[in-house]
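A.B. asks: So that we are looking at the same thing, I have put the structure below in C-alpha cells.
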There are 2 protein chains.
Amino acid sequence: MSDQKAQLTQSIEAQGLKVRQLKSQAAEKTAIDAEVQILLGLKKELATLEGADKKSNDTKPAKKAGKSSFTLKTAKGTKDYNDKDMAIREKVFNTITKVFKKHGAVTIDTPVFELKEILAGKYGEDSKLIYDLADQGGEECSLRYDLTVPFARFLAMNGKEYPNIKRYQIAKVYRRDQPAMTKGRMREFYQCDFDIAGSYDSMIPDSEILRILCEALTNLDVGKYTVKINHRKILDGIFEVCGVPEDNIRPISSAVDKLDKLPWADVKKEMVEEKGLASEVADKIGEYVKHKGGRDLLEMLLKDEVLTSNANAAAGLAEMGTLFDYLEIFDVMDKMSFDLSLARGLDYYTGIIYEAVTEKSAPPKLAEGVLPKKKSGTDEFDESTVGVGSIAAGGRYDNLVGMFSGVNKKGVPNLQIPCVGVSIGVERVFSILMSKQKTEEIKSNETEVYVISVGDGLLKERMQIAKELWDAGIKASYMFKNKPRLDKQFDVCEKEMIPFAIFIGKDELEKGEVRVKDMRSKDESQKGGVTIKHADMIKEMKARLESL
Amino acid sequence: MSDQKAQLTQSIEAQGLKVRQLKSQAAEKTAIDAEVQILLGLKKELATLEGADKKSNDTKPAKKAGKSSFTLKTAKGTKDYNDKDMAIREKVFNTITKVFKKHGAVTIDTPVFELKEILAGKYGEDSKLIYDLADQGGEECSLRYDLTVPFARFLAMNGKEYPNIKRYQIAKVYRRDQPAMTKGRMREFYQCDFDIAGSYDSMIPDSEILRILCEALTNLDVGKYTVKINHRKILDGIFEVCGVPEDNIRPISSAVDKLDKLPWADVKKEMVEEKGLASEVADKIGEYVKHKGGRDLLEMLLKDEVLTSNANAAAGLAEMGTLFDYLEIFDVMDKMSFDLSLARGLDYYTGIIYEAVTEKSAPPKLAEGVLPKKKSGTDEFDESTVGVGSIAAGGRYDNLVGMFSGVNKKGVPNLQIPCVGVSIGVERVFSILMSKQKTEEIKSNETEVYVISVGDGLLKERMQIAKELWDAGIKASYMFKNKPRLDKQFDVCEKEMIPFAIFIGKDELEKGEVRVKDMRSKDESQKGGVTIKHADMIKEMKARLESL
C-alpha cells in the first residue's frame, strides 16, 4: 500500500501544480474546475487508502490476541447499494429493459463464474484483471469479466437452437482494477448488454442496435449525447493505403484510439517512437483521422480514389452508406458523428464500431504535451484523470463465436454466428442521474397508504384495515407498535413520502367510518381529512390512487 | 472422480434392490414411483460424471498438443438460463417483488463477494462449502453463501441510518455442494429474502412476514401449501423440562429437525447412541414433538404445568398466542401447522421459526429403518433422496447483527438490531412451475406486431412502419432480410406467438393503406386481415393491443 500512497502523493503534487499554473495563466473557469475536481478525487483516494491502512492496523493486533474483532467493511472495489441507490438503479434498468423488449429482445442468464479457459486469450493485456476462484479441488474458474464472452460461449454451445437471437443481459461483471470510487469505477459493476446474433442482410441489425441505443439514452434523460461511429474496415483500409505494415495495424489502431484523450502530436510520437512507424506514414494517417462529420465525410472519402481502390475501405464505405440510409429512416442520423479517429480497444471487432458520449461524460480537454495519468504498471490511461469517458459502446464482432466452436480439418470454425451489440455503461448513467437528484427526494418504497390510529393504539383494528387494503392490491403499512404516538405516525408519512393516510378512531369505527387524508395537501380545510364509510374505503382509495 | 463413481454405482445397486423389493411386496404405486425417480436421478448423475470424465479425457491430449481446443461447458453446478427459463423466472420474481413492495419493502444490493472473515463462523459445518476467491494479492474474499449474513453486515455498518428497515433482496448465492441437477440443486442459485429489522412490539413484524409468505405462495400458484411453525423458546423449554443438559440442547435440537425425513425410532437412536442422551429423556421429548395442530395444541401446552413453569417455554407460548391472534386477522391461520418437531438447522434463530412445504415438495415417506442417503463425507441427508424439501423458510434472529458490531467493555454488543425474515426457495418454485408448462408454449419475447412485406422486399418501408410503431411505444419487429419470403415471415409470427401482423404491399402503400391481421384468429373470413389507412395505424393498433 505504501507504494500506492507514494504514487498518489506524487500525483497530488503534480495536479496541484497544474491547478496553480492554470490559475496563474487565468485559464477558463471550467478548465480550472475540471482540474480541481481531479485533485479532490486524488485526495479522497489517498484518504481512503490511509483510512484502510489505519483500520487494518487497528485490527491486526486484536486478531492476534484471539479476539473476534475484524474490519467491518465491504471488499475493496465493491459497495452496498442502499434503498435510495436501488430506487434510481431500478428506474434505469426498467427504462432500458422496456426499450430492449420493445425491440423483441429476450433475456438469458449465464453463471457469474466461467471455466478459466473460456476467458483465457479474450482480453489481451487486461487478462491480468480477471478474478480467479481459489483452487478448492475441481475445475479452475474465474469471475466473468464482461457479458460478451459468456454470450459467445452460450451461442457456441446452443447455436443449433439459437441460430439467431436478440438478447439482452443486465448483470454484474468483475475486474481487479485499481478502484477509483470518486469516478464510480468499481471492481464489481453492472453491465447492460444488447446483442443481435445471426446471419442477416447487411447493416439491418446494426442499424437497429444504433436505434435502440438512441432510444435508451433519450429515455434515460442523460442530457445531450453523440454517438461516434466508424468502421473497422475503413480504418484498416486507411492504414493499408498509408503504408502501415500488416503486423503493425492493430498497434497503430490502438494508438489512434487515444486521440479522444491526447493531442495528435503525442499520438504521433507513440506511433513513431514506440511503434516504429515511419514519420511520413504517421502524417498521412494524421490527415485522415482528423475528420469528423456525417454524409459529407462519407462522400468526401468516396471521392478519394486511393482509398476506394483498397478492398477493405471500399467494403467499409459501402456498408457505411447503407447504414446511414437506415439510420435516416430510424430518425437517429442527427445523433451520429462519423469519426475516423474512433478505433476502439478490443481486437474482436470486425465491422462498425461506436461509442456514445454525453456532455457530462466527455473528458476534460488537455493541453498539448500534458499527458493524462497512466494506470499504475500499465500503458492505459487512468480514467479518473480523463472524465468518465463513454457512456455506451459496441460494434460488430463476427468471429468471436467461432473461437469457441473449434475448427474442422480445414481450419474453418465449426460454427460461425455473426454478432453486433452494444453495452450501456449503466454505472455512468447512474452517476449522472444521482448527481441530478437530492437523496432526500428519492422515494425508495412504494407505500401508498399509511394506517394511523388516533387516541387509542387500536393495533388489531389497524391490522384489519391494512389486511383489507392488501387484499385489494393496495400498498399499505402501519406502525409496528401497540400504542404508537400520533406525531410519530405523521413523521413516517412525511419521511417516506406516503401520499395517503387512513385514520381510525374508536368512535368512528363503531359508526362504521374511517377518515382519509391526502398527506401531500397543504389545503387547511382538508386538514382533518374526509370521513367516509368503512365499506367504501377500497373504492375510494382505488379512485384516489388512480388519479395520482 | 472414480471414488464418486464407485459410490454412485453402489447407491444405484442399493436403490435398484429397494425398487425390486417394493414391487415384490406389491407396495403402493406412488411409493414405488418415488423410488424409481430416485433411481433414475442417480443413474443420470452417474451418466453426467462419466460424460465429464470422457470429455476431459478427450480434451487433455489436444491441450498438450498446443491446440486451442477446450471443454465447452459451464462450470460444475452452474447452468445457463435460456430465454424460456428466464421468462418463467421473471414472472416468479415479478410476482414476489410485487408482494414485497405491497408491504412497503425497499431493496438493497450487496456485493457478490465479502471479506472472508465476515462469513467465518456463521455457518457451522457448512463453512466448508464456501467458495473462496484466489489470493491474487490483497484481501481474502469469499462468494456469499446466503443473503442473511451480508444483510446483517450491512445493518451493522449502517445501523444508525437504518435502525429499522423492511428490505428484500433477490440475488444469487454460492455453495460448493455436490450438485444434484436432477433435483435442481446447484452451486449457483437464487435466493429471495425478505426481512424486517428493528425494535418493535412483540410478534407484529413476525405476523406480517408470515402474511407476506402466504401472499407470495398463493400468488405464485405452487399448489396447496402448509407453513409449519414453531418457536425456539418453546422447543428449548421442552428440552429443559425433559432434562436435556444445556450443552446438548443444540445437538438434540438438530436431531429433532430430522423428524420430517426420518421415523422417530431413528431420531431417538441418534439422540441416545450418538449424542449420549438418556433413553427416558429421549422418550419424554418424543411425547412432545409428535404433536401438530393449531390453537388446540397451544391450549393443550398451556395446560401443561410442568412446561409453563419453565421461563423459556412460558415466554414462547405467550408469544405464540399473540402471533395466532394476528395471523387470524390476516386470514392466514388456516395455512399454519404448529409443529413441535420443527427445529430448523441454523443456530442463530432466537424466536419463531417456520418452513413452508407444498404437496409437490414434500419428501417421499420412508419406511421405518430405511435411511435416506447421506451426502458424501457429511452427516447431512442428500436431498435428492428426500424430495425437494421446503419451499420457503425463516425465523427470528435477534443477535446476528450484534455479532458484527463488536462488543463494549462489558461484553455487550455495540449495536443490536432484532430481525425476522423469510427466504423463498425460488429455484424450487421455478422447478414446480416449469414442470407445469410446455416449453413450446412459453412466449419469451414480448413482440406485439410483426411487419410483413407482401410481394416485394420493401425493406425501407418495413423499417419506416416499425419506426412509427416504436415511436408509439408498440413492440414491433420485422425480418432482417432485403427480400424475405412470405412463408418465412408467417413462420416467425407463429413460432414467437406474435399476436398481430401489419402487411404492406406496394400498391397499398401508394394508396396510403396497410393491412392489419390478428394472427391468432382462425376465422377464415378474416384471413386476409383488414385494410386500414396508414394514418390510422397507431390508433388501430393501440386499441387492439388494449383489448388483448
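Note that Cβ sites are derived from N, Cα and C of the backbone, with glycine treated the same way.
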A.B. asks: Out of A:ARG175, A:ARG176, A:ARG185, A:ARG211, which does TrEMBL tie to the same L-histidine site as A:ASP146, A:LEU147, A:THR148, A:GLN191, A:ASP195, A:ARG344, A:TYR348, A:TYR349?
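C.D. replies: Candidate in the recorded L-histidine site: A:ARG175.
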A.B. asks: Does anything in the same chain, at least 6 positions from A:GLN191 (L-histidine binding site), have a Cβ under 8 Å from its Cβ, and if so what?
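C.D. replies: Expected: A:ASP146, A:LEU147, A:GLN169, A:ILE170, A:ALA171, A:LYS172, A:VAL173, A:SER423, A:ILE424, A:GLY425, A:VAL426.
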A.B. asks: Summarise the model confidence on the domain 'Aminoacyl-transfer RNA synthetases class-II family profile' (A:77-372) as a single mean pLDDT, whole number.
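C.D. replies: Across the residues of the domain 'Aminoacyl-transfer RNA synthetases class-II family profile' (A:77-372) the model's pLDDT averages 92 on the 0 to 100 scale.
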A.B. asks: Within 10 Å of the Cβ of A:ARG344 (L-histidine binding site), how many other Cβ atoms are there?
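C.D. replies: Cβ-Cβ neighbours of A:ARG344 (L-histidine binding site) within 10 Å number 22.
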A.B. asks: Using the residues the record lists for L-histidine (A:ASP146, A:LEU147, A:THR148, A:ARG175, A:GLN191, A:ASP195, A:ARG344, A:TYR348, A:TYR349), what whole-number Å value is the largest Cα to Cα distance?
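C.D. replies: The two farthest binding residues have Cα atoms 22 Å apart.
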A.B. asks: Three states by DSSP: which one describes A:THR148 (L-histidine binding site)?
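C.D. replies: The residue in question, A:THR148 (L-histidine binding site), is helix (DSSP, three-state).
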A.B. asks: Let's check the environment of A:TYR349 (L-histidine binding site): how many other CB atoms sit within 10 Å of its CB?
C.D. replies: 23
A.B. asks: Counting across all protein chains present, how many other Cβ atoms fall within 10 Å of the Cβ of A:ASP146 (L-histidine binding site)?
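C.D. replies: There are 19 such Cβ atoms around A:ASP146 (L-histidine binding site).
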